[in-house]
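Structure first, commentary second.
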Amino acid sequence: MGYDLGNTFHELKPAMMMVLVQIVSAGVTILYKLASIDGMSMKVMVAYRYLIATAFLSPLAFFLERKSRPKLTWLVVFQAFLCGLFGCSLGQNLYVASLNLTSTTFASAMSNLTPAITFIMAGAFGLEKMSMKTLGGKAKVLGTLVGIGGAMLLTVYKGRQINLWPTHMINVHDDDHISHVAKSHILGSLLALCSCFSFALWLITQTKMSEIYPCHYSSTALMCMMASIQSVIFALCMERDRSQWRLGLNIRLLAVTYSGIISSSLIVSVTTWCIHKRGPLFVSIFSPLMLVVVALAGSFLLNEKLHLGCVLGAGLIVFGLYLVLWGKSKEMKGTLQLMPTKSPKRSTETTDNIITFPSYNNNKLDATAFQPEIDLTGSEARIDSNLKERIVVSSLQVDH
């Protein structure tokens, strides 16, 4: 009985960890909004976030990967610069700007468009096949169109107001604020869409970087360092009020510490562990949970008004996300089928069995030669477990 309970807990651990990841990630969005309401500059917020993340991750990367870290080349530095730009400094500044102009639920819903936009951009760059001949290809195209339709509905249609709670904890909306948000809703939508494009470019660039620099902590620390430099320069140029850089024992300090240490550091590590245990597709299916948590927390804590258009649009975006993921999984199952080599008779000679196996490099199918150990006495081939780590799904959770 004890063994069964322990085994069940071990099997459920990745799922429980991913639920925790989504709840913690939702906390970042809520704290962003609270810090913005408190008057903190979001540009300064982003700069502090990556400064703290760099300070926290650098020692971990130094000690944990000092023996396995490959040589740092100028190409890796350039790729880290691009990852820091698209995935952190630019992407995050666009995201928090849209969050400031719209609502936490709206910004979180729009972020679920990233996989569909990644698919479009990868197809435009020739890194992804847009085939309508296969069931998986049709699902990806249809999911992309459904997600875009949901984003349009989310932007242009409001509908009836939905009241979830009889009361709320924090009064953050006055008449001037509501009027300002109403006028800036379209701009916020465009900024959210631009952030999705930025994150999509980051996913594509990060995949290339991981091929030549496969050290997770070191690459993340390097990316955060580049992002901190970019974000600090941008904040200093755009924010003239030097008092914005002062932090006290308030919501601002909590927001930058939480987002820098918990979100940018620990959550990335937990997500990587879950990918190692269950694969990238397993991690991706939990992404919409953050939207649900943000919607509930935003309406209760911040008195954000939910409308029918927001719920319907978010539902279409999530449905499109799962269509894209399902289509991707169908393609992966098809390309990862390996026909085992069978020998008609036993041989005592050493045989090198080279199998041409399609691998996903930046979502592009290419033929790569592997030399796995093959048991000539059986019908199953034992493939190196590192093969799974080479499969990168563009719909991985975007760090918010």
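Placement of Cβ uses the backbone N, Cα and C atoms for every residue, glycine included.
What you see is a predicted model, and the numbers here were worked out from it, not measured in a lab.
Here is what TrEMBL records for this protein:
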DOMAIN    15-155  domain 'EamA'
DOMAIN    187-325  domain 'EamA'
TRANSMEM  12-35  transmembrane segment
TRANSMEM  47-65  transmembrane segment
TRANSMEM  72-94  transmembrane segment
TRANSMEM  106-127  transmembrane segment
TRANSMEM  139-157  transmembrane segment
TRANSMEM  186-205  transmembrane segment
TRANSMEM  217-236  transmembrane segment
TRANSMEM  256-274  transmembrane segment
TRANSMEM  281-300  transmembrane segment
TRANSMEM  306-325  transmembrane segment
Beyond the flanks of the transmembrane segment (72-94) by at least 6 residues, Cβ under 8 Å: 42-43, 46, 49-50, 191-192, 194-195, 198-199, 201-203, 205-206, 208-209, 212-213, 219, 222-227, 229-231, 234, 398-400
Other parts of the chain folded back onto the transmembrane segment (12-35), taken as Cβ under 8 Å at six or more residues beyond its ends: 42, 45, 96, 99-100, 104, 107-108, 170, 251-252, 254-256, 258-259, 262-263, 267, 270-271, 273-274, 277-278, 282-283, 286-287, 289-290, 293-294, 297-298, 301-302, 397, 399-400
Sequence-remote partners of the transmembrane segment (139-157) [C-beta within less than 8 Å, at least six residues beyond its ends]: 106, 109-110, 112-113, 115-116, 119-120, 130, 132, 185-186, 189, 193, 309-310, 312-328, 330-331
Long-range neighbours of the transmembrane segment (106-127), counting only residues six or more past its ends (CB under 8 A): 26, 29, 95, 98-99, 140, 143-144, 147-148, 150-151, 154, 188-189, 192-193, 195-197, 199-201, 203-204, 284, 287-288, 290-291, 294-295, 310, 313-314, 317-318, 320-321, 324-325, 362-364, 394-395, 398, 400
For the transmembrane segment (217-236): best-contacting stretch of 47-65, 186-205, 306-325, by Cβ pairs under 8 Å: 47-65
Reported mean pLDDT - the domain 'EamA' (15-155): 86
Residues from the same chain, set at least six apart from the ends of the transmembrane segment (47-65), whose C-beta lies under 8 A from its own: 84, 88-89, 92, 215-218, 220-221, 224-225, 227-228, 231-232, 234-235, 247, 256-257, 259-261, 263-265
